[in-house]
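Everything below concerns the one structure shown next.
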Amino acid sequence: MATVIPPPSKKQKKEAQKVREVDLVPDDLPNVLIKFQASDTGETTGGSIRVPGGITEKQLEELLNNLQGESDDPVPYTFSLLTDEEKSTTVDIKDNLYSSVLKPGIKTTEDFLTLVYTPRAVFKVKPITRSNAAIAGHGSTILCCQFAPNDSGRMCSGAGDSTARIWDCNTQTPMHTLSGHTNWVLVVSYSPDGSMIATGSMDNTVRLWDAATGKPLGKPLLGHTKWVSSLTWEPLHLVKPTDSPRLASGSKDGTIKVWNTSTRTCEFTMSGHTNAVSCVKWSGSNIIYSASHDKTIKAWDISATGKCIQTLKSHAHWVNHLSISTDYVLRKGGFDHNSTRTNTETREQLRAKALQQYEKVAMLNGVISERLVTASDDFTMYLWEPLKSSKPVCRMTGHQKLVNHVSFSPDGRYVVSSSFDNSIKLWDGIRGTFVCTLRGHVAPVYQTAWSADNRLLVSCSKDTTLKVWDIRTKKLSVDLPGHADEVYAVDWSMDGKRVASGGKDKMIRLWSH
């Protein structure tokens, strides 16, 4: 069921016949004064510099690399102009300074321009173009899947047949079947150190498994009175050197429980929601955020044994999903795209690396700022800075039906939302402003996953296809038919080599370039 592009409409034909202006930079454009400022630390580089008014993005990159003494091994950057110091609002610079800033009249050649620079990911993920394998094994609909943070050759999936399975993606074979649950497995999650897998099920229990052998770690974690809908691990940089990371679970019974994974006991229960908890996330500043069907989002301070410090109310219907701007970096712990080849670091080195990577993404103008975005059945999303205010930063509207899934890009610069109106929307992750709509799916979009370098996005839908989108061009890059029925779960490995997907046809599919 590939997507057929419809013929151009009358309006599009008319547009195509119009005479187009060519964006030429005038020859007599005066020079402008600029300064470079780092997006994370807010430090400036090289003082004020006089440059031509038509300087291109490539030339700005060369200039900055020369100033930083990195001309031998240049780092790729993106640039945006700081238009308002207080609100830190920016305008992205595409192509050159003239067409992005001077021609639209945002600034004149007499203004002093502050250019904020952000390093792009150094390694490049190639778009996924083909299906390598369709592996059978599950006896029922596949509901969730996740790659290990330390090895793209390992992936875990959970299904309606009451089992989770670990797959070897290098040989494309099933490795271990994790059986023990007595009802659907709704959620699987790897610990940030890659050593354990947690599964949550409709049988109201959470189970822990050894990620290498697939053996159960002790008895199931009992306590919830209804099914377990969401799991989140304690970020690696917060784990004490002698301990295992803790786990938090959210349930349909309206409570969130924090589990000690060494003793397999419940440390404390956080109750305050009046309806089902749909999503829980453990942030890098030791706060757990929970979204619920009672239309609220609550922030719980874990250092104060689960005290509720903030209740965010703005949504008019169920809150389906939430994402933190540091989600990706917390999930990968101390690993990066090279870790899958070298798993030699000690726990202490991994913790130090996890903290360093976390701070890099969480820093905004020199302070740690974790942003939160929530998606709801009321067709809208809200962007929050919950530790600063209980009022949202902005309301993000535009979807025509419920918003099912939302996620920040790995660097926190973009937010992507998937909706039952068949579209995916891209938003600015700092200000919450609308960027563009990605259209191509012909049925509700269930989930999306980012590539580790922020350049690509893969989405899965009820229309049986996966689609890969290029974020720079904002266009469809590859259409991936292959599944025989709805696709519910998709994940992209940390090193960017593979995508895994599963759904109603009971098949795990692995995709590569």
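Glycine is no exception: its Cβ is also placed from the backbone N, Cα and C atoms.
The feature domain 'NLE' is assigned by TrEMBL to 32-81.
Here TrEMBL flags 135-177 (among others) as repeat 'WD'. Residues 183-190, 192-194, 197, 199, 201, 203, 209, 211, 213-214, 331-333, 335, 339-340, 343, 488-495, 497-498, 500-504, 506-510 of the same chain, all 6+ positions outside the repeat 'WD' (135-177), place their C-beta atoms under 8 angstroms from a C-beta of that stretch.
Sequence-distant neighbours of the repeat 'WD' (178-219) (same chain, 6+ residues past either end, Cβ-Cβ under 8 Å): 140, 143-151, 154, 156-160, 162-166, 225-236, 239, 244-245, 247, 249, 251, 253, 259, 261, 264, 330-335, 343, 347, 350, 354. The repeat 'WD' annotation in TrEMBL covers 178-219 (among others).
According to TrEMBL, the repeat 'WD' annotation covers 221-269 (among others).
The repeat 'WD' annotation in TrEMBL covers 270-303 (among others). Residue counts for the repeat 'WD' (270-303) under DSSP, helix first, then strand, then coil, are 0 helix, 20 strand, 14 coil.
Here TrEMBL flags 396-428 (among others) as repeat 'WD'. Secondary structure counts, DSSP: the repeat 'WD' (396-428) has 0 helix, 19 strand, 14 coil.
Under the heading repeat 'WD', TrEMBL lists 438-479 (among others). Sequence-distant neighbours of the repeat 'WD' (438-479) (same chain, 6+ residues past either end, Cβ-Cβ under 8 Å): 1-3, 120-121, 123-125, 127-129, 328, 337, 401, 404-405, 407, 409-411, 413-414, 416, 418-426, 485-492, 494-496, 499, 501, 503, 511.
Marked as repeat 'WD' by TrEMBL: 480-513 (among others). Long-range contacts of the repeat 'WD' (480-513) within the same chain: residues 1-2, 123, 125-147, 149, 152, 155, 157, 159, 165, 167, 169, 172, 332, 335-340, 443, 446-453, 458-462, 464-468, each at least 6 residues beyond the stretch ends and with a Cβ under 8 Å from a Cβ of the stretch.
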Residues from the same chain, set at least six apart from the ends of the repeat 'WD' (396-428), whose C-beta lies under 8 A from its own: 118, 121, 317, 320-329, 361-362, 371, 373-383, 434-439, 441-450, 452-454, 457, 459, 461, 463, 469, 471, 474
Local confidence of the prediction over the repeat 'WD' (135-177), expressed as mean pLDDT: 90
